[in-house]
């Protein structure tokens, strides 16, 4: 009896099980202990009676439990089919033990019979408990040992329904979907911050670093079963959202633009995503502006007149163009000086054949005696030289441009046309007046006024300097990006002008010496006051008018102060972007040479001071032909001991190719 109790206690529950399962196991253990004591007593009594009687039935010395054959089967059909009918009630288990195992105990030998009986009972109970646990685990996952396959519980239900003749879909509406297809997850560790997503989310973009299994394999950590990237953590939120949203890329506010751009390039999201992101950030595409003509001769001409940094001749042409523009602007301003304006008016009157004004003055020289005409005027000669250069430059650029449609859509080319046309219109009008003679003083005065207006357009030549000035280009980009803010500023000023001009008019209506005779007369005062200029030519006199003027000045300060910071922010953005581009150009010039890169090609890449026309074309075509000039990977990898040096050279060469 003592041996039986010790054997029963030795097969106790596992103390490392969870609390709920451990309590149930202890309850079952107490039931088995009581049952074992009763069974041991009955077995000892039966064995003693059998020895004394000297007889007994000759049966097999050991029988398996009736349910063990079904429980231990690993057949995928019979084993799974028997799982649903295998769990008897605990009370039935007790009866089953008594009816199946105990009648055969009479054949056991007295020596050690109690210990063997208890061992068999304990093993059978443990096997039944293990099978019950396996059946519970089978609800989620099942392993077929014979075939080495892994399938979900829903697959087993589908197989049982199809092969075992089970009716319906079963499983409470579960479908036959593989576990790996719907629930396969991947863990991504970015500098210690772990992200978890599904494989199908990354598979939407198979060309990217995370979407291509082969590309991301080199970052896999088998010990932690995760992918590790030593990259910027805040940027990865937007990178992962790019996969989750199906292609929407938005930079976090706490990540600088250059850092986020590097992360986008590292994760290989593609050029299309990068270009779209740059457009959202305010960048302007320049692919069309950077296009080159297909004809070689036109290409050289286009490089000379369009890209001053291409070569020394192109830089010289740019300097000449800037000087001509400055001379034209200086002449436009000097001809309005009083000492030159009288002669200019006289020449214009002589050319138009007028007989009034200066010509009616007795002190004025007579037209027949004066040898001055518009064609021998120094200002006209200088203006003609400038126009000849502008016309030549425009015609050559129009001839060599890659696309005529894009050429005439460019705002800089439109400015060139506007700056050239007034000269030819003025020249044609002067020639027509000289050939036609005097046709009336009123008609001549009208034509003279029109010519003055047309000549005023010459002031737009100053915008031609923006072609050669980065500062003016930045200002143009700033104004174009701030059109909405400028529109709001004008709208606010318009509302303020209407409001305060009306208020000051009615406030000063009873004052006889007031300057505000009408509301339109007060518009000028409202604009000057709101912009804090304050000329003082118009001012309120009454107390009510002064109060309105004070409110107008305060409202003007607030109105201008609201949109101005946004405009300044846009200017800083474009300025820093231009600075970053210049820094990248300097880094490109300091790139380490590759041993397989031709020295003359690298020399022309580092400095563009050559004198031939073909140098810049080769410089700009380097992006297309650099792959043929750089060392191939196979050649670099076949150097043996110099593999590390070759790898560095390849990386530097790639940097050169990217920066170009």
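A Cβ is built for glycine as well, from the same backbone N, Cα and C atoms used for every other residue.
The structure displayed is predicted, hence computed values, not measured ones.
Summarising the annotation, Swiss-Prot assigns compositional bias 'Acidic residues' to 122-137.
The annotation N-linked glycosylation site is assigned in Swiss-Prot to 360.
Sequence-remote contacts of a segment are chain residues at least 6 beyond its ends whose Cβ falls under 8 Å from one of its Cβ atoms, and for the intramembrane segment (520-531) they are 493, 496-497, 500-502, 504-505, 538-539, 549, 552-553, 555-556, 559-560. Sequence annotations record features per position, and here Swiss-Prot assigns intramembrane segment to 520-531 (among others).
Long-range contacts of the intramembrane segment (532-539) within its own chain (CB-CB distance under 8 A, at least 6 residues past either end) are made by residues 515-516, 521-522, 524-525, 549, 553, 556-557, 560. For 532-539 (among others), the entry in Swiss-Prot reads intramembrane segment, with the evidence type similarity to another entry.
Under the heading region 'Disordered', Swiss-Prot lists 24-147 (among others).
A Cβ distance under 8 Å defines the sequence-distant neighbours of the region 'S4-S5 linker' (470-483), meaning residues of its chain 6+ beyond its ends; these are 282, 284, 463, 563, 566-567, 570-571, 574-575, 578. Look at Swiss-Prot and you will find 470-483 tagged as region 'S4-S5 linker'.
Residues or ranges marked as region 'Disordered' by Swiss-Prot: 636-660 (among others).
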Summary of DSSP states over the region 'S4-S5 linker' (470-483), given as helix, strand and coil counts: 13 helix, 0 strand, 1 coil
Per-residue pLDDT averaged over the region 'S4-S5 linker' (470-483), given as an integer: 85
